[in-house]
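As given in TrEMBL:
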- 34: active site, proton acceptor (ACT_SITE)
- 174: active site, proton donor (ACT_SITE)
- 7, 65, 141, 142, 143, 144, 174, 175, 176, 196, 197: substrate binding site (BINDING)
- 32, 34, 65, 174: divalent metal cation binding site (BINDING)
Ligand SMILES: O=C(CO)[C@H](O)[C@H](O)COP(=O)(O)O
C-alpha cells in the first residue's frame, strides 16, 4: 500500500495542530515528525513536548524520524509522547540491534534510515528485523533541498531483497519529493512517501489530495 507522510518540518509552527489536521483530513495516513539535535544534523527542530501537544490534534500515525545521536537514550520518551513508528539512523547508533529491540519492546514499529552517502550494505543486516527502511534522498537537516536521484538504486536493492524473501515491508523515501519525481520513486519500489515543502508550500489540502491521487 502506498502511504503519504507529510513532513511537518515545512508547516507553520504557529498553527501546527491545524496544519496537521489539514493534511490528515485530506487523507494523509502518516504525519512525518522530524526530530533534529544539532549534533547528528546541523539543525535543531523540536522534541517531546511539541509532539505530545500536537498528538491531540489527530489520530493519524505519527512517524517519528529521529535525526539524533544515540537515540536509544530517548526511545521510551518518544513513545510516551505519541510516536507510532520510530526511525533511527544507522549512522547515529553504536548498537543498532539494541536500539531496534528497545523500540519494539515499547510496542511501536521500528525503522532504520540511511543517509545518501551511506552504502546500502549498512542497512541490509537489519532488513528482516525492522518494519520499515528509510532511504534519505537529501542530506538530512533541512527541508526544501534538491532530490538526489542516485539513492533510487538503494531503494531498488532493498525492494528486491524484500521481494526475493517474500516480505511485504515498507520502504520510505525522504527528501525533495515532488509531483514530478514521484513516479520514478514509486517505480523504484518506495511506498511511504515523505513530502514537506511540496505539501505545505501553497494549499496543503489540495497538495495532499494530488499526491494521494498520483500514488493510487
Ligand atoms: O528529513 C527531512 C530533512 O532532514 C525532511 O523530512 C525532508 O527534507 C522533507 O522535506 P522536503 O520534502 O521539503 O525535502
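Every residue, even glycine, has its Cβ placed from backbone N, Cα and C.
What TrEMBL annotates, mapped onto the structure for a quick look.
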residue : record                             : contacts (Cβ under 8 Å, 6+ apart)
7       : substrate binding site             : 32, 33, 34, 143, 174, 194, 195, 196, 199
65      : divalent metal cation binding site : 32, 33, 34, 35, 87, 113, 134, 174, 194
141     : substrate binding site             : 36, 41, 42, 43, 67
176     : substrate binding site             : 137, 138, 145, 146, 147, 148
197     : substrate binding site             : 10, 143, 144
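Within 8 Å of the centroid defined by the CB atoms of 32, 34, 65, 174, the record's divalent metal cation site, lie the Cβ atoms of 5, 7, 9, 33, 63, 67, 87, 134, 194, 196, excluding the listed residues themselves.
A sphere of 10 angstroms centred on the C-beta of the residue listed as 'active site, proton donor' encloses 26 other C-beta atoms. According to DSSP, residue 32 (divalent metal cation binding site) sits within a strand segment.
Among the record's substrate binders, 7, 65, 141, 142, 143, 144, 174, 175, 176, 196, 197, no two C-alpha atoms are more than 17 Å apart, and one pair sits at exactly that spread. Using a 10 Å Cβ-Cβ cutoff, the residue listed as 'active site, proton acceptor' registers 25 neighbours.
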